[in-house]
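Visitor: Here it is, the structure, as structure tokens.
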Amino acid sequence: MRSSVLLGLLPLAAATPFRRAPLLTRDNAEEGKYIIVMNQGVQTSSISSVVQSISAEADHVYNAIGGFAASLTEKEVETLRNDPNVAYIQQNGKASIFATQQNAPWGLARLSNRQPGSTTYTYNENAGDGVCVYVVDTGIDVKHPEFEGRATWVATVFGDVNEDDHGHGTHCAGTVGGKTFGVSKKSKLFAIKAFDASGDGSDASMIAGMEKVIEDAPTRECPNGVVVSMSFGGDKSEAALVDAGFFGAVAAGNGDVFGRPLDAGTVSPASEESLCTVGATDKNDKTAYFTNYGKVVDIFGPGVDVLSAKPGNGSQTMSGTSMATPHIAGLGAYFLSQGTPAKGLCEHLQSISLKGVITAVHNSTVNYLAQNGEAA
């Protein structure tokens with residue numbers, strides 16, 4: 001019966017006008033790479049003939065399904081679209097497997113689950129690949145095994161030792177890209193020390209740190225972009241980072257000297273609107289008692305009792321919007337590595353966040369809790 005139906009359709013098929021093969025686009029497509037799928041019934045010899053007609057060798061030939069993968073020029077794509085043997089051409093998109101980390105720190109787990117309390121972190125194994133993350137802080141213990149050789153010391157912007165003798169910067173770097181504690185476990189980490197062993201700096205040292213990022217980044221291999229994680233900052237120099245095409249995450253701040261929250265719009269660098277300003281929550285999705293608030297706060301991330309790396313091959317817990325910020329910097333690297341542009345990335349994080357789940361949020365502040373988009 002099936003054969004008779006097919007035979008009955010042959011005259012109709014013969015009368016059907018020729019239609020160019022469609023070109024299917026993909027997110028995260030590899031430039032110049034395509035998959036060519038032939039019409040059903042096309043002989044292997046015909047596939048070989050088409051392969052021989054292009055300038056590059058085929059990356060793969062699919063005899064079973066009828067087609068091949070290859071690098072093509074735009075002219076070759078158009079020529080093949082006019083070949084009656086070709087069913088369609090598809091851009092070759094990048095694909096990645098996903099991993100699940102068991103017994104993950106609560107902050108990591110919160111990024112990939114819709115409900116609090118989970119201990120698993122589901123993430124793209126290639127997260128952060130090709131992205132350079134600058135941590136402007138107290139430095140990074142670049143030899144810490146947590147960083148697997150992916151951490152590099154760039155500069156100390158004042159006369160001080162080239163090591164993290166405080167611990168804050170190493171902790172932040174661990175949250176961004178550590179193998180155990182990190183959001184984006186393949187990112188490259190770069191240390192710029194702008195604060196001393198007491199955690200003190202100056203406007204001059206902070207601005208110098210920003211300048212160093214802008215000077216150094218073009219000398220590095222960062223094919224998928226640059227992220228700057230700033231738990232502190234000064235004046236309006238941070239806007240230059242965004243002008244350079246970088247994604248910047250910055251802490252909203254931890255209130256006044258008594259720990260009483262302030263309007264983040266009065267605090268630099270959180271007041272710089274071109275940056276992604278981060279408030280802090282605890283493991284129960286309540287705003288941290290110290291977190292600043294206001295219309296300049298863009299998103300919230302885990303910031304209370306966050307476990308991460310400690311200089312000397314150790315680990316420790318810390319709290320602060322400084323701890324929430326590297327979660328967002330890590331997410332910046334996560335999505336840059338998947339092809340999301342830096343411009344509009346903060347808005348993208350807002351769009352995929354959990355909305356309305358945070359309690360005790362100031363009425364002038366958004367209720368957006370960060371996610372990596374992998375929650376089931």
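Our numbering is plain: 1 for the first residue shown, then up by one each step along the chain.
Each Cβ is built from the backbone N, Cα and C atoms, and glycine gets one as well.
Keep in mind it's a predicted model, so treat the numbers as computed, not measured.
The following feature annotations were taken from TrEMBL:
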SIGNAL    1-15  signal peptide
DOMAIN    33-93  domain 'Inhibitor I9'
DOMAIN    128-337  domain 'Peptidase S8/S53'
ACT_SITE  Asp137  active site, charge relay system
ACT_SITE  His168  active site, charge relay system
ACT_SITE  Ser322  active site, charge relay system
Visitor: Going by DSSP, how much of the domain 'Inhibitor I9' (33-93) is helix, how much is strand and how much is coil, in residues?
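Guide: Tallying H, G and I as helix, E and B as strand, the rest coil: 17 helix, 24 strand, 20 coil.
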Visitor: In the predicted model, what is the mean pLDDT computed over the domain 'Peptidase S8/S53' (128-337)?
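Guide: The answer is 91, the mean pLDDT of the model over that range.
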Visitor: I need the CA-to-CA distance for His168 (active site, charge relay system) versus Ser322 (active site, charge relay system), whole Å please.
Guide: 9
Visitor: Under a three-state reduction of DSSP output, how is Asp137 (active site, charge relay system) classified: helix, strand, or coil?
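Guide: In three-state terms, Asp137 (active site, charge relay system) counts as strand.
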Visitor: Measuring Cα to Cα, tell me the gap between Asp137 (active site, charge relay system) and Ser322 (active site, charge relay system) in whole angstrom.
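Guide: Roughly 10 Å, rounded to the nearest whole number.
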Visitor: Measure from the Cβ of Ser322 (active site, charge relay system) and count the other Cβ atoms within 10 Å, all protein chains considered.
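Guide: Step by step: centre on the Cβ of Ser322 (active site, charge relay system), count other Cβ atoms within 10 Å, giving 28.
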Visitor: Helix, strand or coil by DSSP: which one applies to Ser322 (active site, charge relay system)?
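Guide: Its secondary structure by DSSP: helix.
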Visitor: Just counting, how many other CB atoms are there within 10 A of the CB of Asp137 (active site, charge relay system)?
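Guide: Excluding its own Cβ, Asp137 (active site, charge relay system) sees 30 Cβ atoms within 10 Å.
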